[in-house]
Amino acid sequence: MQLADLTTLRLGGPARHVVEATTTDELVDTVRRADVAGDPVLVVGGGSNLVVGDAGWPGTVVLVRTAEQRVEQDGDAVTVVADAGVVWDDLVADSVARGWSGLAAMSGIPGSTGATPVQNVGAYGSEVADAVTGLRVLDRGTGTVEDWDPVRCGFGFRTSAFKHTDRYVVLSVTFGLTVSPDAPPIRYLELARRLGVEQGGRAPSTAVRETVLALRRSKGMVLDAPDHDTWSVGSFFVNPFVPADRVPAGCPNWEVDGAVKLSAAWLIENAGYGRGFAAGSERVSVSTKHTLALTNRGDATTAELVELARVIRDGVDRRFGVRLRPEAHLVGVEL
């Protein structure tokens, strides 16, 4: 099997061995057996954040297809325990349909639930860490299954204790939601304007979900096979943080914990790499809808995509003195 068949970029070489795990016990046992045998393991959920090299994977690819959800309700407090393989947007849609508040602004994000805490995914002013109350993980170093609280997870902006290590495999995620027709306060200005509320105001979760999905579609950020702008990993680069005295003139920015977060999309566009930009190969380009997405236009290679990423990263560095870091998880390739 080609990794290209398992990733939203539709890139990646062959996998030597593929195992599908449909229960948590199967997932744990498969990873343990491979580790004991010294076989390299690549755990794949939705493949929406993976950039896999053209050489593929030399060991076992474990497809996480666990799909159970367990719900407990105590008054207005709802606890949802979702297996790692649950499709993230299915979980969000289900929570909105049931009148549970907490996840609506993260509608339309592709991938599996188990991947969301790894990079603390988020959008439109919300992030997974806002709702996570616990995780169950396999510690590959000890072979034990452990329960982690949010503090131990080390959540930060698009990062966590899991992001830069393959020691842990997320087995399930526990979310704390609230029975309410309204979503949490809308912190993202563009979303608030679209909803017709003040920034910090509230709106029905159903309206938030519909509006977020419309916004994401307009930017090519909802998977749609005929649309090559969606053949991507979403935002390829993370918004960088810089000291206050290094903010480029005119760049949108936000103060966070004493540092300043910059718009990576603005930096890329103003360095000369606007929507549709291609370098060398026409088979990869910046999305025609969103500057942060690097896309496979068809029959591309990972090497071509990575070269485009290097051109953009280096050009932004030369122009603004800011070095962009990938948000995507790179496997078998380096920038």
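Using N, Cα and C of the backbone, Cβ positions are placed for all residues, glycine too.
As given in TrEMBL:
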- 11-218: domain 'FAD-binding PCMH-type' (DOMAIN)
- R158: active site (ACT_SITE)
- S235: active site, proton donor (ACT_SITE)
- E327: active site (ACT_SITE)
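Feature map: TrEMBL annotations on the structure.
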residue: R158; record: active site; Cβ neighbours (10 Å): 17
residue: S235; record: active site, proton donor; Cβ neighbours (10 Å): 23
residue: E327; record: active site; Cβ neighbours (10 Å): 20
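Per-residue pLDDT, averaged across the domain 'FAD-binding PCMH-type' (11-218), gives 97. Cα spacing between E327 (active site) and R158 (active site): 7 Å, rounded to the nearest whole number. Calculated from their C-alpha atoms, the gap between R158 (active site) and S235 (active site, proton donor) amounts to 11 Å.
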